[in-house]
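Working notes for the structure below.
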Amino acid sequence: MARPKNVKHIFVTGGVISSLGKGILSASLGMLLKSRGLRVAIQKYDPYINVDPGTMSPYQHGEVYVTDDGAETDLDLGHYERFLDESTSQTSNLTMGRVYKSVIDKERNGDYLGATVQVVPHVIDEIKERMAEQAKNSNLDILITEIGGTIGDIESLPFLEAMRELKLDMGDGNLINIHLTYVPYIKAASELKTKPTQHSVKMLLGVGIQPDILVCRSEKQLSRDIKNKVGHFCNLNDLDVIGLSDCATIYEVPLMLLQEELDSRVLKKLGIKGYQEPALTYWRDFCNKVKFPQEGEITIGICGKYTEYPDAYKSILEAFVHAGASNNVRVNVKLLRAESAEEPTFDFAKELAGIHAILVAPGFGDRGIEGKIRYIQYAREQNIPFFGICLGMQCATIEFARNVCDLQDANSTEFNKRARFAIIDLMEHQKKVKEKGGTMRLGSYPCIITDGSKAHMAYQKFLVNERHRHRYEFNNSFRTLFEERGMLFSGTSPNGELIEIVEIKNHRWFVGVQFHPELKSRVQKVHPLFHSFVAAAKDYARGVQQMDMAIEMPSFMPILNEEGESKSE
């Protein structure tokens, strides 16, 4: 295959409604192109004025995805990494806030030589420079850029104008726009309606952009007649109208797009020839394992503070999909509201009936903390597999201090600055930090693992690198006491000072980690801790089933005489 001389650009936009899945579309297309032997990267442009999503509420933004180099980014970058098996970075997520900040800083430095600084040309030029810089500094064939928001949003206009100008600058065959729209199915009329898509394209034309390809989300498959109609009214060949109906799992999307020949249309429009056929055997096998698990199903409870909005735990949910497939089981998830467990009359046995493991999720602040601690206590005492991530690990050490080490006033200084026993305390280098945004311990750090621990059994190695996002750490003043009472500190920083992994020795599977393993789980590289946790939950479920079967068996066997008849007859 002849490599393109210049980096080719694909811009993905969305219309009609939000949350259509531009991130999944971008990731799926990137995976298909990579499987053909092309070098592909994906980036996300977000129109909000925040510099990054690090200080945004999970209820508004969902999960904050952390990269190896410490960027706090949009959750769509998680999809990019999981689908492409490629790491993203600081440059993979650009917000309008970062653009404006850069422009204002340049104005203060006198870089514009006294000019009146305006959206056109200064803001637009700043965006175009970022676009060109990402392509120039990468060893790429294709750069996919997802533009957040929906066509018609005021805040997206600078990104769209920059895309329009860049397409003119680069010339034909170097940049295409894929527009994702929605074709609603009206049940009363038993009909798919194309008018919203037509209006969305009209708005895109209004800012000077003719989409090159339309991808139409719908509940039902698009017929050839519908594609012809959409193409006719949107200035497109019907072959450039791609149908994308609902599917059982997001991991089927690449296979559906392959069937619709989206990748072939993209390569033709970009003038790329001689590419190989996509190798997707592993991907098909993975999808079959997700849809048709061979060893049944299990249920894992996720105890968290933001359970009303599952996107706050997006990477955890996807890691369970990967670990379920690697264990040949379906992992069902039940979201457990931490605050509910703080009620004195809360019935844990009833709430956790049918649950085979408990994960206590990350978070910030004191809301729901006592509920999390009670869930952890129940998991420890009932020998239920437990996994604590970041705040979940910190809560596990507080619970252990209170109920095993008899330190009844144990707490974290995040929740009680005057805690008598500060099991969790602010990291030393954080004590002088005043700003909130981008100031935590962020990114990938090494961790040394203890031989013979559950962590070592999972990883099968002594040195790992994991991603972090925290300000607080375990207080080493209590380390000796905890070890005497049965806790194993199985993972630490290389200097041994920062506790990364804790375990309870006499428990079937009780592990807490300071880092975020969910951020490194991928389709082709399930995270070892999630695989091990799901395996423990599967074993626990089998034990419960065997106990249930034993209970259902008769409690006595009749005594038979020599003729084989019951003596009681």
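Using N, Cα and C of the backbone, Cβ positions are placed for all residues, glycine too.
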Same-site UTP binder from K44, K167, K227, K229, given that Swiss-Prot records S18, K193, T194, K195, P196, T197, Q198: K229
Further binder of ATP named by Swiss-Prot next to S19, L20, G21, K22, G23, I24, taken from the candidates D68, D69, D74, D76: D76
Candidate sharing the L-glutamine site with Y59, G363, L391, G392, M393, Q394, E414 (per Swiss-Prot), from R98, R108, R467, R471: R471
Integer mean pLDDT for the domain 'Glutamine amidotransferase type-1' (299-543): 96
Which of K22, K229, all binding-site residues, has a Cβ with the fewest other Cβ atoms inside 10 Å: K229
Cβ within 8 Å of the mean position of the Cβ atoms of S19, L20, G21, K22, G23, I24, D76: remaining residues of the chain near ATP: G14, L25, S26, H79, E146, L180
Neighbourhood of R471 (L-glutamine binding site) by C-beta distance under 8 A, where only residues 6 or more apart in the same chain count: E414, L426, M427, Q430, V433, M440, R441
